[in-house]
Amino acid sequence: MRCARFPSLAFLGALGGAAVGALVPSDASGDWPPPTSADASDMADPDYWPTDPEYGTSATQSGQWSHYSFLPTPSGRFRPRPEESAAGMSVDLAWRFTQGDPRVRIAITDSGILWEDGDLVDKVWLNQGELAAHKPQHADGTPCGGDGELAGFDCNGDGILSASDYKDTPTLTPEGSAGRPRGDRNGNGRLDAGDLLLHFSDGADDDRNGYADDIAGWDFFKNDNDPFDDTRDGHGTEGAKTAAAQTNNQLGGAGICPRCRLIPLRVGDSHVADAQDLAKALLYATDSRADVVQCPVTAVDSTGFLQEALDHAHGKGTLVVASVGNTGSHHHSAPATSNHALPVSAVRFDGQSVTTSTTFLDASPCSSFGGNNLLAVSSPGCASDATAGLAGVAGLLYAAALERDVTLTAGEAQALLIATADDIDVPESREPGSAYRFSQPNFDQRFGYGRVNANRAVEALREGRLPPSVDLTAPRWFEVLYKDQVQGPVPIEGTISAARARSYDYVVEWAAGVQPLEADFRAIRREENIAPTVVTGSDGPLASLDVRTIDTSHARDPDSPHGENDRAITVRVRAFAHYGGTTDDVQGEARRTYYVDSDPTLVEGFPYLVGDSGGGSPKLSDIDGDGLREIVYPTADGALHVLKVTPKGPKQLLDFPFRTRHADGLVEPAPAEGVPFYRDAQAYSEVDWELGREPILSAPAIADLDGDGAQEIAISTWPGTIYVVGANGGVKDGWPVRLPEVPSCSLDQGAPAGAPCVSADARIARGALASPVLADLDGDGRLDVIQAAFDGKVYAFDAGGGALRGWPVEVHYTGPLAQEPAPSRLLATPAVADFNGDALPDLLVGSTERLGTDGPAGAVYVLDARGTAAPSGPVLAGWPVTVPSLSLVSLGPLAEGITASGVVGQFDGTLAGVVQGN
């Protein structure tokens, strides 16, 4: 890479490019969408641009260069490399053939939607089944028109149902006034889907799909029918606009698939989410016949339930586009490391603007990379933003398929996008001391198979050049294969199909490293002339690889200088569809990165596969009372494992693993008032819903709580339920305890003020990441259970689950550094020590409250053991204190204030807490 600007360059075989320097058009476009006869040089002409003011490029505006098939005119000494012909993904050329289709639905699993956004207000898919008893009307109360399913809904005659069809409905309140249309219940100045929720939510499941009042998507983070972005994070809204904003409307920017419809599905309040919530959203998306799922979120965990949902979506033909990650590293995160997701990263221009850049193939410094990074997407942001771009392109593909009466599968869509990508290959990048990010022919871990080319993908589909679908399923991404433990060759599992071709061939190959060259691959199995009716792999493995005999040695790649991939191998499967006639053979490909290792120091039976991810540290404790300690380890599938180490390997203790309750929405009767039940939805009859349990992402706390001589295990779940489990694997009396609900603040302007709620300022929630802590707060000789929570409070319970007097305590800054901040989450586990000398343990805890204008500091508190019952209040004198903290606003409270747990120790005889800022 070039040290200052991280560029990546390429030789592209795209359409001949043209350079342009023009002002942003202010009047209606004379020729949009462009005619099929237009070429890249025409696309540089503003007459072919949509009227959206952010679309065009100028001396002061970079414009939506990611859509371009041409190069903007450079300024001064800056010149684009002559090998590059397009700034972006040639979306403008794809628009010649399709601008999407209202039948194509893109589900957005993200932070929710801002209903009032003008480019989205009429793009949200509305569920007619829930609105059948609430059809819009003309101003005089007469019914509206429409054909077929739209009968009585299409008031404005545009052939779709949207919020604007309700604008004249006389029964809506309040009446219109200056700056506020009729029916604007949420007071944002527009009639939008959020208003329809407030008007027509009646608690009934009118369409009997399992979800009551799912008029415009769903919120799986809050478990209600309103996916509004109540913290105004904006991530989901911006991604929705990139994918499918209304276009040519003289507002904002142009969506890539402007005629596609959007299904907002909220799974978090930023681009970080829980895998179980994401799984439920995926199941809803497939039940709602989404063609594409735009998944920019990074899950904090990885679960079998998420994989079930991804498999289900794939089987229904739904393409799931996933972010490879926003950490600028090798970091592996779900769903990008799961089967049946298409991981993508971002590429951008290398200068301060499009006119001061030398390349438009600069690897985004915040995008992660690795063997699972399959495609690069032109985007000004990170990998999470790139998912929106590819989701929009995929929407165009599905729309083009509809126009050709082709039922496109998810495997075909992925294969087509990969096969038509612009390869990024810069020979200079491979020279010693090169200024450029490493790239090579075909695949590399920074750019995958290349930059997405929307036009080439749409043209290939229109011409019937569909690649074979190659689906690798096992071993999983990045699995470690121990050559000293396997009993024979490792089966490579998956399927290959090419039902549209006359016949197909395939080859399974392997090579050392994460990005081997073509010459490095060695064939494991090769088959030819397979009939199109045969799905290879459906009745046995595609091939077998004997890892006991292979040599993984290879030269280190430039992005793994510390040997991160020394033991990596790549297995790839290529298939070749033969169409005959004048159509050339078309290739489909899939790959996986594995690690091959041996470790004779491992104890018999280890590593032990627990299945789902684990977020907390294991603990060692004698649970069964035999004098030997067991391994206690909770995982994200809600399982609490207790493993006894024996000479023949680890064995689960009798009655373990313990399992947490099912996630909200899957439990009947409801665990709390107002929690919906939707397990009767169609998708749950087709997956193993039993996997959908509350995840445990923190370490357990272990002690004898009830004085019976046996150990108890305290655990807390990400959604906010605390369990105490006995040595017999059963829940102790009085437990579990569910932390209080934290609702979104009402958008209804007429609603009365209520309890603390989630807003743009107060980013709180029900839930917990901190581990439970055991200490005797009230001095009765028995340990209590202490839990810091996402609602900004510290809770304390006795051994029977009863709330201690004086607790919970709300941790809230009132010091001199800043104006009183809004409530925020507690992520850190409290540390325990007697700070005030009263022989009772006090709690050292940090908060994620934003202090100061830019959040440059975090607050640390010491709470009195008596909580609010302490005579001087719950916070000890002299506290809180502040420490410097880096605020990463884009990650919200997960990266502000104090996120790491503090510790307590003696320093020269003085008791002190040690805490670091974020």
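Note: Cβ is positioned from N, Cα and C throughout, glycine not excepted.
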The annotated region 'Disordered' range in TrEMBL, which must be one of 27-63, 212-248: 27-63
ASP110 (active site, charge relay system) to HIS235 (active site, charge relay system) - Cα separation in whole Å: 7
Count of other CB atoms lying within 10 Å of the CB belonging to SER384 (active site, charge relay system): 30
Local Cβ density at ASP110 (active site, charge relay system) - other Cβ atoms counted within 10 Å: 33
Distance [Cα-Cα, Å, rounded] between SER384 (active site, charge relay system) and HIS235 (active site, charge relay system): 9
